[in-house]
Amino acid sequence: MEKVQNVSQSMEVLELRTYRDLQYVRGMETLMRSLDARLRAADGSLSAKSFQELKDRMTELLPLSSVLEQYKTDTRTIVRLREEVRNLSGGLATIQEEMGAYGFEDLQQRVVALEARLHACAQKLGCGKLTGVSNPITIRAMGSRFGSWMTDTMAPSVDSRVWYMDGYYKGRRVLEFRTLGDFIKGQNFIQHLLPQPWAGTGHVVYNGSLFYNKYQSNVVVKYHFRSRSVLVQRSLPGAGYNNTFPYSWGGFSDMDFMVDESGLWAVYTTNQNAGNIVVSRLDPHTLEVVRSWDTGYPKRSAGEAFMICGVLYVTNSHLAGAKVYFAYFTNTSSYEYTDVPFHNQYSHISMLDYNPRERALYTWNNGHQVLYNVTLFHVISTAGDP
């Protein structure tokens, strides 16, 4: 509003100056017409000297004609601009009136509270048992056979940045695209160079940070994109690494990080549990293990895995004909075998992660970046339910 008022005042000053100049030029126009009339009336009665003087004066005044026309045009432009500023000022005043007595901070708090309520509703509607996976939606074909791509699972809906990491070991280059549309077109991106190389494809972006397995170690690294720095790194006790306990496709996929509606998880295995999948809940700030579960499912027999609502779902293969075959429920420490079809269009999956914000599966399938929607069977609870 202040900017509009300043522009409006500047326009008034400019209009006044232009009006005065226009009046002066119009006076010159009148004088020019008068001289022209005298020349015509005098005809042959003037001496040669007087006639030449008048003619020279007329020649001096002739350029004023074009200046006058330009002033007329400028005046019309200023009138139009002034009208636009008046309309904009009125529109801003209306918006200000509709906002009422709320200041910026009050409005921001109301928006944050509303987002929290919407997030709570989404959790109630989103959590449930997986009953179906849609047909694949190919977003782009880019990069090598192995890699990972993702969005921030905790970002607000207006933040649609996409992160892209090509390859499964010794890589350090992360591309950050502004939007999904930019990712599809391959434009508007910035590059992050990680201080330590990664291993596998089980990376995840969570609340502005990248969580990944440091190459040739069982160390978890939390890299913050905005500050371009490692905030914390910690060894995952007993976790196998360097292709000791990968998924069936190999690729240094010993450690797989995931995010669902309840937080950050690590899927891996150890010698102590005979190579069976371990699910650990991690503190995203310290990377400490909050709690762990031994699922009893051999990790080398798993194609890939993902978490939804505290449930680990495992596919039986990374190749064509794969299906979601096994589910482990952390809330009851129990499991069941499932039979959910999973269309593996390009026949080699090397990354599979669930995004709770979008309720979709992100997949890297033989150099293709693919999305799947999921169907969940859920019961909507109310505040009074036990």
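Quick reminder: no glycine exception, Cβ is built from N, Cα and C everywhere.
Listed in TrEMBL for this protein:
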type: COILED; residues: 78-124; note: coiled coil
type: DOMAIN; residues: 126-378; note: domain 'Olfactomedin-like'
type: DISULFID; residues: CYS127-CYS309; note: disulfide bond
Model confidence over the coiled coil (78-124), averaged pLDDT: 65
Cβ packing number for CYS309 (disulfide bond), 10 Å threshold: 20
Around the Cβ of CYS127 (disulfide bond), the count of other Cβ atoms that are within 10 Å: 20
